[in-house]
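Here the structure comes first, spelled out in structure tokens, and everything after it is commentary.
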């Protein structure tokens, strides 16, 4: 993390001076440099810039923060989102982010950026997740004096993920919708956006036509005298809202009913009342109104129904009472409609999966202090007090209490705990503000003044409650400052009641949607249950929220508003300093500097990081405490200075130490995963090439004469480097992204029978088609200097159009590609066997047929007959007119010895006799001494063994001339003693095939072909063990070289060389003749070639470096059994190269395979 003085520090824990002024100054420096994000440990501080900052939220920036640790890049909301997402996946724990701050501080924008990041890194989130914000903002946001798009409700958004980290669902919980905004707005503010969107679209969309007028016509909209918002097109916003509702799943009928209800609320607000002169009221407009009776009269029931006498009275209301009823109905309609919309969104998103991981984002409008603060402000500020209490509990109080409980040395730091203020509002015993208000509301004569009197009487000396000089006000000292509340309307708003006659309207409507908003309408007449108050509902919902947040790993964003004017580049020192103080940033910095950045229980720490330490990764027998200590000691952390051990947890002081530990774990896990991946890929490739080889050769055996080179040629798919040839890919076009199965050069002979030249073609076989591409000279005089040739696609043949492939029964390379309904192609391809094998592997329906006469279909429908004749002088195929002369080849029964990959049980790896893919690519690269590669005669069953390559040979003369290798049996090398190793650590076997030993034990090494797991013997017990747990014990050198005929000694001080080719002198690597049992690399080593190694291993050099590593078969008693790995002779008729694998130990593996994916791998080398 970069720390600079010019633009402040990234993490305020690093401030040299710790004070509120220093924090304020650092934020100001960073704000001036457009660095709006700053850390306090893991807490992110965000200052609203009120402008767009270049490159702050680009796609490139998002990618930069993906998968990075927090300290690697400057502070950003993306870094917090990435940490939250990765922690959820790595720890399998639910996460949440609590975004707090004043209105206009940028809380909603921060939540959007977190959602944007999670959507980008976790894959497609679905259309519902994408459009939900459009609906929520339309119905829940409004323009305020401080914010043009202020959320007027609190929401907790939960995103559900599967174990892979892909989003699968979500849920929204809403809190404290500002219902009063429906009926009243202060000057300069607007009602909810949806009202203005509907009115703006009325002229263009038929679904918005409900006899609507302009906004200034409606009483519920004209009080704020503001109808538009800069930068907001209400007509386009309505279009987006309409489309979003369709995506969510709202039917056309539902949408119509919702917008009809929005219209009804507007017209309901225009209903005005006048005094009727009789103590009641009447509607000023004489036009009929359906709710007239409900608004003008109150239905009062005396007595208890069902218990004796009761009376029902219809009492007229005065204009004020009628207006109150009108507004109460309007607020109830909008509030219930909003809840319905939230529920429909949840129905479309939520999945009921207890295994799903969740990430929650809490965005709730911030602390409010207005000129006149009423019941709504009290509720909002109470919620913010509770959120501040959560922050204190989890970051300040709980941290210090945990140090004490764990026995960690710690000096307590004082901080303001706002629990006393929360108790003042919500406590039941002694009764707090909400409880007192509920008590007053339960009495018929309860009034606002009575509530104030009882409140001040209950807390005459409370430190956070005081009276004012005004008889209708009181003061609460919140954490964010002192707020004066006016009690006017407290009781009515707390009752939050709709009179029964208003609820009864739902039974009179023909709209099922309207009736569904009031499910209690049918029971209202008989229900005896006392309705809950608004205060009770707020306490209940916020306590549920607190419980939900407490189950998650919390993350925090503290949003700060730099000025009251929403102006860019304006930083109000006093305003920001006030927020710094009440947010408790100073205490947060002090505790963070003195505390520990990371703490975790011993068991979780051990199981997460044991992979980084060889002692703990494989076979740890100690307890979790000592295991955690071993891990930290291994990475070089010192006890006391960098970490401390608590009673149940480990504590690490610096976050950089944790990041380093996490990086080391990532590298180690990647290394092991890479080994497993290589093994699986290698196994898959071996199986694939076996099937291709077998399929191609089976299609030709007994049907076509063979060429020796064709039998021994390795398969490697791409012979033209297609994958790196981007110009060729461009020529093929959009098909260049298909998987390439085969690519090679070939000759196209369609016109050669008329004297034309043979056309050279590039053949590319993909998973869908065959492409034939010509290489033509560039005729552009200027361009050809840079691009002398061009690729031209001549033909694309889809697999499903290939009718058949015809070959002759002779040894030539010609093949006729017959295409259904089109002209055919006569091609000459040297690697026809591989091509046919690939075709049959991916398209088994292709017919392979053989004939000595080809009927070639030319372009234009003409045909031509091509005949193949046997001619000793014909070679691989000489074309003359329409005749092709071919020399005799190997018998049609000739076939290579192809052995299938063998699969061992017990979790061991596959072992194969054929060469690996790498060996195939290396192909016929020579190099061998003493006659080169050992090759035997033909294999049994008529299989033809590959012939030697130039410079190589087996026992017997080389067909390319040169001196034959010495005849006669080779001299036997002296057998070395058994190889031994000393145990460095204790190892306890967890599987039946493993060998247990203690530190210092001497193990006889039997097989160390697997670099990670060796096979050994101890006290008569045989098994495998981690190679890194032992060190080899040097053993005595082998006897001096025997008689001449072996490799030439190296010059003094020089490296041991290779034996001379064909057995002659020279610094070549010695290879003996073939061992009994068949062809393969080496057999018994020449005399003096060095002693043999362990079974299946490499031979050891002779003393003084006189001989190279011999790869001959070990002498009797020293080497492995025939076919037992390197040095041993391969099975009869085996492939060239390394010998076949020897028998693997139980649960182990043979030489040449990779480490099997055991339940636990051996420890990595030190320093990994």
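Glycine too: its Cβ is placed from the backbone N, Cα and C atoms.
Swiss-Prot assigns the feature region 'Disordered' to one of the listed ranges (842-875, 876-909), namely 876-909. Here the candidates are 151, 311, 967, and Swiss-Prot annotates 311 as phosphoserine.
Your range for region 'Actin-binding', going by Swiss-Prot and the list 496-518, 519-541, 542-564, is 542-564.
Mean model confidence for the domain 'Myosin motor' (7-666) is a pLDDT of 86. Within 8 Å of the centroid of the Cβ atoms of 101, 102, 103, 104, 105, 106, 107, 108, where the record puts ATP, the same chain has further Cβ atoms from 48, 147, 365, 366, 559, 561.
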